[in-house]
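TrEMBL annotations:
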DOMAIN    73-145  domain 'MIP18 family-like'
DOMAIN    439-500  domain 'Gamma-butyrobetaine hydroxylase-like N-terminal'
């Protein structure tokens, strides 16, 4: 990428590039990266726990407090032997241990393990191990372990529409091709997660051909409107909240693309979803306006890709994977549907083999799941009862159980990888960019960011000619609002009413362009 404006004459926005160790128009102290902080000791990572009050005037009370402190240390040390398989860290360092209470005289210990999700696949193992390791302490006679989960909340709750502010994870099920069984996968995955103990909702984003009304049988088949809040109340089937254009009493839509994008935005953001651990979105086929709208309106946690063995399916799926990659949405699993059937003691592959594994190998997606051709799976979709509910112990249900475990584990990992945070610091008139996975941050001058807009309003899409001129942007311009757009960009609202989409990659490129090597001290 090249700068849109040359550094000469000297008064332009890179005038001080050679005179400063870092970044553009700001004084050097604003561009220096923060030094890496040393990891806090284990005790610093442990949540605040209740400790007995110490009376400094009483030697006896001091000795009692010392004993209580030693007992607490013993319990935490025992619990630190339990390693979370997803994070690779002990449960004490993860902050899972809450409300630790110790009565050493009675030999009683009680505490709560607060996990990241109620659908945690290893919660029973955690509970069993916690009981065992604490009970092995010589002075412990009784252990009480309570299991709980963190409240449902997204990473950037404050920047989301009201209806989405209590949803922890939004998982898209996509194929970018019709007829591969994507809706079947989405519905059965949702009910699998619900069976694992999670609070789940399904959003059918296919306005042209909604499938959800056929695949489930809620008692109330019409969405209701809250007249006071002007919000949509979802319908419910077997504990899972449901929203589909098919429940709006309109059947299938006949409308143009921009109208469909508006309908999807309204349905998704104005629904009273409440607290959800997972919202599963059944994506429509393709990579057009609707898919881009969804990726911009909500920060998708992850996507599950559905394909079939044919080469034609792989071609469309590959296009979709590239789209999600560009929008910074992780693809965590591939489901190869209708891959084989068994008859006469043999296994047959009527549609060929290898499409799913080809997606995994080419794009580095870590998990692949095969689903056979089963009449019951197809029939359950027509009957209104998902297969995992109709036959929870069957082979298909076991495959979906493995998929559900994968989704839970991968979403938990992804939530630890907070995306880039972009904020405006008014005191120094600078846009602050926090780099994920580190303590590094840098600053950009607002005028520089505004002048480097690449949209059609600033650059002619056909000729590449620069339409926005340097003098069009005042040096003291300040952003009015900065909010995330999905996982890949921020939308910056400027005083002139322009809404600039600034991808994270572009902001990092700007930072590199205004960075020069640190000056080398002269030797005496």
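Glycine too: its Cβ is placed from the backbone N, Cα and C atoms.
Taking DSSP states H, G and I as helix and E and B as strand, the domain 'MIP18 family-like' (73-145) has 20 helix, 23 strand, 30 coil. For the domain 'Gamma-butyrobetaine hydroxylase-like N-terminal' (439-500), the number of residues in each DSSP class (helix H, G, I; strand E, B; coil) is 9 helix, 18 strand, 35 coil. Mean model confidence of the domain 'Gamma-butyrobetaine hydroxylase-like N-terminal' (439-500) amounts to 85 (pLDDT, 0 to 100 scale).
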